[in-house]
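These come from TrEMBL:
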{"type": "DOMAIN", "residues": "36-263", "note": "domain 'Cytochrome c assembly protein'"}
{"type": "TRANSMEM", "residues": "6-23", "note": "transmembrane segment"}
{"type": "TRANSMEM", "residues": "35-55", "note": "transmembrane segment"}
{"type": "TRANSMEM", "residues": "61-82", "note": "transmembrane segment"}
{"type": "TRANSMEM", "residues": "89-111", "note": "transmembrane segment"}
{"type": "TRANSMEM", "residues": "131-154", "note": "transmembrane segment"}
{"type": "TRANSMEM", "residues": "175-198", "note": "transmembrane segment"}
{"type": "TRANSMEM", "residues": "210-228", "note": "transmembrane segment"}
{"type": "TRANSMEM", "residues": "240-259", "note": "transmembrane segment"}
Amino acid sequence: MLTLFSALVAVVFYCTAACRQMLSLTRRLPLRQGLVNAASALAVIGHGIVVYTTLRAHEGLHLGISETVSLVFFLIATLLLLASIKKPLMPAAVGLYPLAALSVIGAVGFPQSSIEYGFTPGMLTHIATSVLAYALLIMAAGQAVLLGVQTHALKHNHLRGIIQVLPPLTTMERLMFELIIYGMVCLTASIISGFLFINDLFAQHLVHKTVLSLLAWVLFSILLWGRYQRGWRGLWAIRWTLGAVIVLILAYFGTRLIVQLLHG
């Protein structure tokens, strides 16, 4: 009962915050950041309870796809709320909060039966850094989408509506790369801890995840090199960001989904 009530709270307030932010971005309502933040906080609290109750298992953790997606989006929502105190990141809530609401519905409505046991500190380090990397880099993808909308509007001289509310283009781009840098730190730690603490990363059931994670790391590394050595920006940087994030998502969720389907 607590899980269902918390899920309802999370979904309602995620949608409330996202809609209020969208109305502010389209200038249909004045910006009231306190209202958005309050709704976000209630949503995050509800989501946190859902994460706790759905992940917890006797002497282990439920780490199926639905629970993991919910955990990642709980971290995204939490980081977005906390970071927005200092940085103008809340516009990304328009796209990320509805996805967070869907992740709550997925965790409650489609729970997985698999339970993982016997976590060592090294394995927990790998899991924690992996989840943080996914959260930060998916946030970067959300920022990239907004940056793409802003770039398109400026290119076509659409200077009203959302373009008047978003921060300057250079600020949006800087925030995207800050998220990528933080995400890369976590992704690097995740890969290193994986090689140190996970047995046989190139075993049949892990090889796709390992190869795609390494490919995503290479793509993000090239993007950062291009940014700071060649001055990459604009649509070029946006496409690289979205492409690398897609590869990273496929690394875990794509291969995990295929494995679960193959094993019934």
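In case you wondered, yes, glycine gets a Cβ from its N, Cα and C as well.
If one looks beyond the transmembrane segment (131-154) by at least 6 residues along the same chain, the residues whose Cβ comes under 8 Å of a Cβ in the stretch are 68, 71-73, 75-76, 79-80, 89, 91-92, 95-96, 161-163, 166, 169, 172-173, 175-176, 179-180, 182-184, 186-187, 189-190, 220, 234-235, 237-238, 241-242, 244-245, 248-249, 252. Mean pLDDT for the domain 'Cytochrome c assembly protein' (36-263) in the predicted structure: 88.
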